[in-house]
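Swiss-Prot has this to say about the protein:
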{"type": "ACT_SITE", "residues": "HIS269", "note": "active site, proton acceptor"}
{"type": "DOMAIN", "residues": "39-275", "note": "domain 'AB hydrolase-1'"}
{"type": "SITE", "residues": "SER116", "note": "site 'Transition state stabilizer'"}
Amino acid sequence: MSTTSQTLTEAATSKFVRIKEGDLDLQLHYNDCGSGVETVVMLHGSGPGASGWANFNRNVEPLVAAGYRVVLMDCPGWSKSDPIVCSGSRSELNARALKGLLDAIGLDKVHIIGNSMGGHSAVAFALANPSRVGKLILMGGGTGGPSQFVPMPTEGIKLLQGLYREPTIDNLKKMMAVFVFDSSSLTEELYQARLDNMMSRRDHLENFVKSLAINPKQFTDYGPRLGEVTAPALVIWGRDDRFVPMDAGLRLIWGMPNAELHIFNRCGHWAQWEHADKFNRMVLDFLTH
């Protein structure tokens, strides 16, 4: 085991910060890895039990080894960050939380990697703070709006919402089975870790259900504003994504003037995990050229 991997554990990189951003007054949890001149922020998705570390633990070490500082934010209402009921745009809430975090820890311009909800939130942040974004990497998210090919809500989103309402191991396995292309890659250890994270914060689960009842459309459709996002963007999608259909990725590259698209074959909604090695090489190449 390398010295880098020995120090890059969730516990060793775990930190908390209090943010005050407008009417937000929250304690956020984040993981702070490496010490490079440039910083990459990673934003996780909206699944029950999600966290920055759970989403991106296969992607941190290559970035740190390449000389980047990596910050993984637990969004408000997930993992070790404070609970919240969101009655408005979840994307904008997370963008404001990210601004508060960056201000609190003294970071100005960052690159952002966002998966699913994290992609939506990254676009929201780029629209509100264009001068603070270097490059964007968006996977399985980035804008709302209906699919032209798949009935909405999608199969995956229905299972996700069902898991929030009834957080059982059986419902977790049903959701995870459509989360990735090859469900044989999912281990009992992974299921248990996700279940433990979910059940350790029942308040987060209950608040997500309350948020949906108040505002069923938690994620803003940024389609009409994508032309304002001028940062270089790498859009990555799984051909077999059953949560956010592939044509959402096409919307992003049609709308954002400096975006390019890569589609992974035999890949679901978790490209950074399902194709970690290829994903890591692609991201490093994009960030450095």
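Glycine is no exception: its Cβ is also placed from the backbone N, Cα and C atoms.
When averaged over the domain 'AB hydrolase-1' (39-275), pLDDT in the model lands at 96. A simple way to gauge crowding: the CB of HIS269 (active site, proton acceptor) has 27 other CB atoms within 10 angstroms, across all the protein chains here.
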